[in-house]
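Undergrad: Pasting the relevant annotations from Swiss-Prot:
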type	residues	note
TRANSMEM	3-23	transmembrane segment
TRANSMEM	64-84	transmembrane segment
TRANSMEM	133-153	transmembrane segment
TRANSMEM	179-199	transmembrane segment
TRANSMEM	255-275	transmembrane segment
TRANSMEM	281-301	transmembrane segment
TRANSMEM	375-395	transmembrane segment
TRANSMEM	421-441	transmembrane segment
TRANSMEM	497-517	transmembrane segment
TRANSMEM	535-555	transmembrane segment
Amino acid sequence: MNTEILGVALQILLLLVISYPLGKHIAKVYKEGNDCMRFMAPIERFIYKLAGINPNEEMDWKAFLKSLLIINVFWFFWGMILLVSQGYLPLNPDGNSGQSPDLAFNTCISFMVNCNLQHYSGESGLTYFTQLFVIMLFQFITAATGMAAMAGIMKSMAAKTTKTIGNFWHYLVISCTRILFPMSLIVGFILIIQGTPMGFDSKMTIPTLEGAEQTVSQGPTAAIVPIKQLGTNGGGYFGVNSSHPLENPTYLTNIVECWSILIIPMALVFALGFYLKRKKLGYVIYGVMLFAYLLGVFCNVHYEMAGNPKIDEMGIDQSCGAMEGKETRLGPGATALWSVTTTVTSNGSVNGMHDSTMPLSGMVEMLNMQINTWFGGVGVGFMNYYAFLIIAVFISGLMVGRTPEFLGKKVEAREMKIATIVSLAHPFVILIFTAISSYVWVYAPEFVESEGGWLNNPGFHGFSEMLYEYTSSSANNGSGFEGLGDNTYFWNYTCGLALIISRYLPIVGQVAIAGLLANKKYTPESAGTLKTDTVTFGVMTFFVIVIVAALSFFPAQTLGPIAEYFSIY
């Protein structure tokens, strides 16, 4: 037990130590171009020339958003065509067939929006070709899209008054060449050394200890797993994700993969401070997010290592903790840490089954995604926090009788309306779709039965499974309570719709706020200016997030994990 706690502490320490210098590097990449990866410039110039891009052309926020949305529409059709026809494409030694249109729609939308919700198993649902040219390609592009959006927001915040927020295509390319590619190579090298496969051979047939034969899937796993983690994508190469011994072979790879989930979102908060030359603001935001993250880690590690009281009543030894759904090579401590890390970001990868975690652990996992603000996905994590920051500035200004200002720009009704819509859209989507699915489950049992029955666990936990699915979809997370049978017409299409709304509405709103504030006249700070880089304001922002986001879900949480908790304890 002490060893497990030490492992958890070591991983958190690694994140804290490395996120600071990485944040400084990222700020240099977006601001000056005078970073240690500038030798990639010739490759970038080749890409610009090939695509007909002028990287020096400045865009206003509307042109920036137009470029962002256009490329995403293109990749959607690219992915749909390849996924449906993958059975006829090369690099398919196992003879896997194409996906059905509804599954391809869900898969394509899911990976295009950085969610990676998987209603299929990678071993049989994809080929090596689509793993590389749809899944891995999307994982780089969607991560870089979020980072490019944040780079545009940082540029707008840094300027005193400007009509432009940078060039989307330039930010997209350098996010890949100078941040995501190099880090993926390092992580991939470690995985290969530790035993993760990297090749294009078909399934292996091996004899088991009992004398039977077993087929084991392989493929270019080590190429895909690094960006799965670093890009907060989370879509597993294998069906059981990083629980699979070839996707996550050892405790070392577990540390590296778990570290990879959070390192860029953490570093981007520091990058904000360096870019704006307001390091104290970065520290305050980092502190608020870190506090919420550590609170979740403490809760989940405690409950998973304490075990299940119902199993205690049966007289079964639980000295190793609650081991249901856990890998024995990793243990409940490492699984609990991963469960918080993957839900506090938009990653969604797993090294154990979230459906088997204790009720309050499941509640923490859902709350992280329902709040969707603590570090979050690469780029979009701060952007979600940004909307609450605007609300907190406005409320704080009214409370103390000062003009609501953020970085020298007045926050007025227009920005507040957009921030409010962005903040309330998330709970609206989750709760409305959960209500619809619950209604269908109760009042259309024949339809539910025709789709396989949906739930393996009725009652409190069954409701939690449906709530978790839409929470995960709306938070662009992709993890799931896998007791839910979700590869059906109903779940593929409703989750796909939730994915689209929850990805693009916030990005459009947040970039619009940044563009509107950038156009405003800069007002120098004075004695009457509300300070946003203080601990007091950080606490205020934390409680605004808790009140607006977390409390919106309290009734639903009461019907699910909280009720389940009281049925066990």
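Numbering starts at 1 and runs along the chain as it is shown here.
Each Cβ is built from the backbone N, Cα and C atoms, and glycine gets one as well.
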Undergrad: Between the transmembrane segment (281-301) and the transmembrane segment (497-517), are there three or more C-beta pairs closer than 8 Å, counting only pairs 6 or more apart along the chain?
TA: no
Undergrad: Under 8 Å, at least 3 Cβ pairs, sequence separation 6 or more: does that hold for the transmembrane segment (3-23) versus the transmembrane segment (375-395)?
TA: no
Undergrad: Under 8 Å between C-beta atoms and at least six residues away from its ends: which parts of the chain pack against the transmembrane segment (535-555)?
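TA: Apart from its flanks, the transmembrane segment (535-555) reaches 284-285, 287-288, 291-292, 366-367, 370-373, 385, 388-389, 391-392, 395-396, 423-424, 426-427, 430-431.
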Undergrad: With the transmembrane segment (421-441) as the reference, which stretch in 64-84, 133-153, 179-199, 375-395, 497-517 has the largest tally of C-beta pairs below 8 Å?
TA: 497-517
Undergrad: Report, as numbers and ranges, which residues of the same chain sit near the transmembrane segment (133-153): CB under 8 Å and 6 or more residues beyond its ends.
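TA: Contacts with the transmembrane segment (133-153): 30, 61, 64, 68, 71-72, 75, 78-79, 82-83, 108, 111-114, 116, 126, 165-166, 168, 171-173, 175-176, 179-181, 223-224, 227-228, 230-233, 235, 264, 268, 377-380, 382-383, 386, 507, 510-511, 514.
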Undergrad: Who are the long-range neighbours of the transmembrane segment (255-275) in its own chain, taking Cβ under 8 Å and residues 6 or more past its ends?
TA: 7, 10-11, 14-15, 18-20, 22-28, 30-31, 147, 150, 154, 158, 179, 183, 187, 190-191, 225-226, 229-232, 242, 248, 281-283, 285-286, 289, 334, 337-338, 341-342, 344-345, 347, 349, 351, 375-379, 381-382
